[in-house]
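Going by TrEMBL, these are the annotated features:
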type     : residues                                                                                                : note
ACT_SITE : Asp71                                                                                                   : active site, proton acceptor
BINDING  : Ser10, Asn11, Asn12, Ala13, Gly14, Lys15, Ser72, Phe156, Gly157, Tyr158, Asp159, Lys179, His184, Arg185 : substrate binding site
BINDING  : Glu42, Asp71                                                                                            : Mg(2+) binding site
Amino acid sequence: MPEQRLVLASNNAGKIRELGDLLAPMHFLVEAQGDLGVPEAEEPAVTFVENALIKARNAASHTGLPALADDSGLAVDALDGAPGVQSARYAGDGASDADNVRHLLDAMAGIPEAGRSAQFHCVLVYLRHALDPTPIICHGVWAGRILTEPRGEGGFGYDPVFWVPGKDCSAAELARSEKSRISHRGKALEGLLGSLRGRATL
Ligand SMILES: O=c1nc[nH]c2c1ncn2[C@H]1C[C@H](O)[C@@H](COP(=O)(O)OP(=O)(O)OP(=O)(O)O)O1
Ligand SMILES: [Mg+2]
């Protein structure tokens, strides 16, 4: 089968790595939007699904290619779901992963272990073209707990402070393949690939 080009509507190197791994067995030639000159989209919405649609449509309209976007983040129960869709800019515009992690640990100072439950969410949107009226939309959730100090060198974002129950380590201490098997992103992509396989045309 010939390879179908697909633009990944993300500028996050960690996501691009993980999505690339997971898409490798499919007949896609995956290209990151940054390599195709796609300008970054604003993410003005209050839901992951709306932001993911905006990012996918932006990439599809600038390239004329099918596009896959990922809008994701961390929801902490003790913070009423924050940082949520603000996860990437929790410590302010242009914040680094380390800045955001520190801001989160400060916001949760003094909260005991039993009150530190949290979930990662990932919404993936696949558009065949910018005006595709039937996007594929998949949502994956990963439940865990927020540590009091970072642990591990792998992954990205909030992985060093996300404790994975059942694995007894942080998400940053998991092998990349193991994280992808159980993560919010891995689960969302599993759903997406199932929907794509059921379609006559990609
Ligand atoms: O598996 C994950 N492990 C750790 N942290 C994670 C993960 N998945 C999302 N996150 C965090 C990173 C960022 O703080 C926010 C996503 O924000 P989000 O706007 O979707 O992505 P982004 O701005 O980094 O890249 P882009 O919009 O170009 O795809 O949630
Ligand atoms: Mg973003």
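Numbers here mean position along the shown chain, with the first residue as 1.
Every residue gets a Cβ built from N, Cα and C, even glycine.
Annotated features taken from TrEMBL, shown on the structure.
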| residue | record | DSSP (3 states) |
| --- | --- | --- |
| Ser10 | substrate binding site | coil |
| Glu42 | Mg(2+) binding site | coil |
| Asp71 | active site, proton acceptor | strand |
| Gly157 | substrate binding site | coil |
| His184 | substrate binding site | helix |
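For the pair His184 (substrate binding site) and Glu42 (Mg(2+) binding site), the C-alpha distance works out to 23 angstrom. Here Asn12 (substrate binding site) is positioned 11 angstrom away from the residue listed as 'active site, proton acceptor', judged by their C-alpha atoms. The two recorded residues, Gly157 (substrate binding site) and Glu42 (Mg(2+) binding site), have Cα atoms 19 Å apart. Each of the binding-site residues Gly14, Gly157 was scored by the number of other CB atoms within 10 A of its CB, and the lowest score belongs to Gly14. Between the C-alpha atoms of Glu42 (Mg(2+) binding site) and Asn12 (substrate binding site), the distance comes to 14 Å. Selection of the recorded positions Asn12, Gly14, Glu42, Asp71 by a Cβ distance under 6 Å from ligand 1 yields, in sequence order, Asn12, Asp71. Sequence-distant neighbours of Asn12 (substrate binding site): residues of the same chain at least 6 apart with a C-beta under 8 Å from its C-beta are Asp70, Ala88, Phe156. Cβ neighbours of Ser72 (substrate binding site) (same chain, under 8 Å, six or more residues apart in sequence): Lys15, Phe48, Ser87, Phe120, His121, Cys122, Val123, His184, Arg185.
The C-beta environment of Ser10 (substrate binding site), restricted to residues of the same chain at least 6 apart in sequence and closer than 8 Å, consists of Ile16, Leu19, Ala32, Gln33, Lys55, Ala69, Asp70. When the recorded positions Glu42, Asp71, Asp159 are compared by the number of other CB atoms within 10 angstroms of each CB, Glu42 has the fewest. With Ser10, Asn11, Asn12, Ala13, Gly14, Lys15, Ser72, Phe156, Gly157, Tyr158, Asp159, Lys179, His184, Arg185 listed as the residues that bind substrate, the site has a largest C-alpha separation of 20 Å.
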